[in-house]
Amino acid sequence: LQTAYSLLHIVYQNRLTHSTKAILEVRTKMGDKYVHEEPMIRGPKFLVRLRSHTVFENTPIKLFCTVGGFPTPDVKWYIDLETCVLLCIYRCSTDDTAQYTAVACNIHGQASSQASIIVKSNVMFIIQSHQNMLIALFPSLSHSLSPNLSAAMLPKIQYTKINITFLEKFGPVFATEGESASLTATMTLNPNLANLQPEAQWYRDDTRLFDSKWVKIDTGRGVTTLTLPNLFKDDEGLYTIRMVTKGGSAEHSAFVSVSDGPPPVPGAPGAPMDIKIHDANRDYVIVSWKPPNTTTEGPILGYFVDKCEVGTENWTQCNDHPIKICKYPVSGLFEGHSYYFRIRAVNSQGISKPSRMSDPIAALDPTEFERLHGVPSAPGQVISTRETNTSVLIQWAPPKEPNNLIGYYIDQCVKGSKDWTSANHKPHKNTKFVVSGLTTGETYMFRVQAINELGLSDESQESAPLTVKAALTHPSAPYDIAMLNCDGHSMVLNWKKPSHSGGANIKEYYVDKRRSGTTMWREVHIKPITERLYKRVYNVIELSTQIQSNTNVGLCLFSSHSVCPLGPAYDLTFSEVRDNSLVVEWKKPVYTGSGPITGYHVEYAKKGTSDWTTANETAVSHRFLKVTGLEAGTSYVLRVRAVNAAGVGMASMASDPVTAKAVEGSQEVSCVVDEKSGDIVLSFESCQLNEGSQFIWKKDYKEITDFSKGVVIKTEGSHSKLIFKNAEKEDFGTYSVSVTNTEGVSSSYTISAEELAKMLALSYDIRHPIIPLKSELAYKILERGRMRFWLQAEEISSNVTYKFFANNKELSGWKKMTFSGFKLKELSMGHDVSSGIIEFIMDHFTEENEGTFTCQITDGGGKAQSSLVLIGDAFKAALAEADYQRREYIRVKEGPHFSEFLSLQVGDDCSVSLVCKVANLKKESAFHWYKEDTEIIPDVKPDLGSGVCKLPIKLFSLKTAGVYKATISDDRGKDMSQIDISGKVFDDAINKISQLAGASAAELVIKCTATGIQLQCHMKYYTSEMNITWLEKDKGMYSIVITDRENSHKRTLDLSGEDRGKVVGGLPDVVTIMEKKTLSLTCTVCGDPKPQVSWLKNGAEVEPDDQYVVSLDQGKFASLTIKGVSMEDSGRYTMIVQNKYGGESVDIVVSVYRHGEKIPEAKPTLTPKILIPPKVPIEIPQPKTQPAPSPAPSTPSPAPPKAGRGVKSPTPTRRK
């Protein structure tokens, strides 16, 4: 074995050190061949294809192929799909193992040919030959040696049993073609290991499903979801989810039902299903399918087959006539091209929807197809486990489809990079591999590829990241056991942690004991302890104690009568060790003696001496001290004594030796105020950083744990920051930082109260900066009298914002305008980042603009403000200059213009018009009106002779609001004026209309309509935007209030009806009487003033005559007498009683029957009295020849009833 391994080592070293360079050359051979120009052979075609080879190292190899086509194709070579220039390799190496592809292209298409080259290493034959020799010499070794010696020594994989419990399961799904469906299952894993996650496998009717265009699978964090984005009938079936682990699996199933979608035409069949492709060849394929699920549709007459070339969306029909069987050969394909196929069914009613299209299939020779699809599938899950401080054990699952597998290649990559490198230089046969030569502390990921004679498989999934750590060892023994307190019944022990932790943090300690004079050690507690402080109760005896080591110390318990001095401090630690100083920290004594501790003294001595020096003559109250005055490079030991009122206590146990020497490359903490955020930042960069190192920040040597006041610790790599977001005056003190798992890297910084005050002031200035200005707000008068206000800042960014104010009102609502071919604005605003200038331009500077102009600037956190006062003489001078420039512009330009811009005017009759005035016109000048850029043709043309132009706005309301524009132009130029009738302009017009209409409002009147009575108020104009309110102050008192900004106009009408006309009683609801009898209808009425009474029959007024007698005695007894009633007198009679305050009406039904007939049964109906509102003035209905027209255009007039006996004309309909 030693001989075999030595040979292996020597040969492998030679392989690595020998630099083998492949000589690359390209040879293209084209014979003079007859070129066929038929359509099928114009594209590239491999007449002789590439052939795969397996060779040994350092041997030559050549790849040949013959390509035909017209025009002559261009040939490119690829290694593993990467472009190369390669045909001949004179000395092969194992690195040349790859898949080689030749691609030929011309204008008619492309073709490809592939071959694999597998280069075997000579080392394998040396190992194999020596292995055979060892077996011949030592037959007993035949079972212990394997083809791969390293693999034989790998441990067997032990799979972990993972229990999977489904929390939520998917149920049956019923859907329709074209819809989408999702199946989701949630589960718990026990144990839930990041490196051992189960594989989610979805099945439909025991057929494994994978991610595709028709199926989407998403798995992670205990949830797996299968989505069918576009359902077809093919998707119907039993769906199963199987969560598979090496230790077992869990599964759940449910049925998905897919019903047929609506057909293209009624009665058409459903879509065919389960389309498959068979016998693919270079120019034809065979397509098969299953018929649709036909239920009520007519029988299938045949099928159409469609094809579509991959990369296009052009579907073409392959057969001219429907075929009756479910299989069809499709010919006329182009070799090397890929196609989709679909099927449509036909019956007597029409053609179905297309089936789901097939997977793409390439038109290739079967041998070429088999070769292209013969590589292994990707290996399964890759698991990496810790091996040594420079190696990792990799294990993986073999591929589902090995296809004559040769072996595996393992790749490694540092986490966070994409630089994948190979871990082995020849195929590895086993599914385990030890990756060596890794960097300790670095984090790696791994993946695996399978290889056979046809080439490499796809890469496996990447393994979980794994950090290469040093191998663990046992920790060293604790030492320096000290007694911190003893009261006669118990003692408190303390010890120092081991010098070497063995590569991991110390978690627990065990304490043993033995009696003095004996050798038997026994545990003094059952459970391990985590702190280096232990209290134990004893009798008064002598003990020896051992803490996980053979080192022991004799301890004596004091009796209960002994006097115990002030206990010692303990756990001395050092930080900020420099050449002449260090900082020591300690913990206070467990036993404080007769009084509270008032301070501490620190003593130090050179290593190996007993000459102790007190570092501080005055005791310090805190438990840390910076010891100065040390000699560089000298080792010291230190101890601490506590002080109380009784005196100085016992000294602590001497510390471990510490050398006064700064850590090489150590740096100090810096303190600055961030120039952008204003935060106070303490920064420290560590010169050392190991695995598990952490930055510990302290204030006054107490770890900072309260982050509620805006304190943030931010660490990136070897750089750590302590950030004060909201520093306060109380935050002064000493801030220190130490880095764990290093050689004592630490530093501190002391912030005094004075320094903190300065930093707080600087922080405030940074957070509330003032943008410096080169010039304050000023103005400049431009041509046409426009006023430019501007200022200049020292520097502004592209994100600057600003506002302009005039007399404390923000200037807003700027509208773009055009004048003489260049843009103007009524108010325009802008800035220039390069110069820092901010400006706004006012087109019309008038007397109303007198006052103070202000600009407020905000840029990031900075602000600035500048004002300009234009009042008195200064304003008059500016206004005069603006007027002069405006007149001068008109004089120079000599073109048509607006002397008065558009304004909105409201006339006394509430009419609304747009008015403007133009000047400097000539005969050819043209004037136009626009609303929202749509031209308006007014009824009356503008009067350009007077220059005053008006546009009446009919039915002014919110519907007529918008942007109106007027233009005047001729060959000399063009001017425009514009007004936005919205906002304040619209509100002012409505307010003016409300003033005029309210003043003209008449008294309220009552109007009877088909739907009831209306209270009406007539005024000059009304629109819904006016502020009009209806009120009912008391019962029956109604008011209308028209309100404007200054006044309100109120009109009131009393409808209380206390003195209206009323029917007191006496009238029946129904009267039955024999023919030729006399009928008398009598009742009592009241009212003040005395009411008037009228009678109606079937809605028509009763005219008194010899037969009909109407009477009203004493103003309160009313009657209607009908003499000699006849059958025509049957009907509904109404008595109306009313005065100026209103009244009411009562209905009576009269039924007349003949002598000898059965008396008709009276069926009284409860008809309530109908109240009649007052009339102003009271109008008693008079006979008319035709119905009066309705005053409301929207209310139709009632049709006149047919005239009956005693009826002259209809009366107005009664309303409540």
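For all residues, glycine too, the Cβ spot is worked out from N, Cα and C.
TrEMBL: automatically predicted annotations, no manual curation.
Taken straight from TrEMBL:
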type: DOMAIN; residues: 44-118; note: domain 'Ig-like'
type: DOMAIN; residues: 155-257; note: domain 'Ig-like'
type: DOMAIN; residues: 271-366; note: domain 'Fibronectin type-III'
type: DOMAIN; residues: 378-471; note: domain 'Fibronectin type-III'
type: DOMAIN; residues: 568-665; note: domain 'Fibronectin type-III'
type: DOMAIN; residues: 651-752; note: domain 'Ig-like'
type: DOMAIN; residues: 896-982; note: domain 'Ig-like'
type: DOMAIN; residues: 1075-1151; note: domain 'Ig-like'
type: REGION; residues: 1173-1216; note: region 'Disordered'
type: COMPBIAS; residues: 1184-1201; note: compositional bias 'Pro residues'
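With pairs at least 6 apart in sequence, the domain 'Fibronectin type-III' (378-471) and the domain 'Ig-like' (44-118) have 3 or more Cβ pairs within the 8 Å limit; the two touch. When DSSP labels each residue, the domain 'Ig-like' (1075-1151) comes out as 3 helix, 48 strand, 26 coil, counted as helix, strand and coil in that order. Of the ranges 155-257, 271-366, 896-982, 1075-1151, the one with the most Cβ pairs under 8 Å to the domain 'Fibronectin type-III' (378-471) is 155-257. Per-residue pLDDT, averaged across the domain 'Ig-like' (651-752), gives 91. For the domain 'Ig-like' (155-257), the DSSP counts in helix, strand and coil order read 3 helix, 59 strand, 41 coil.
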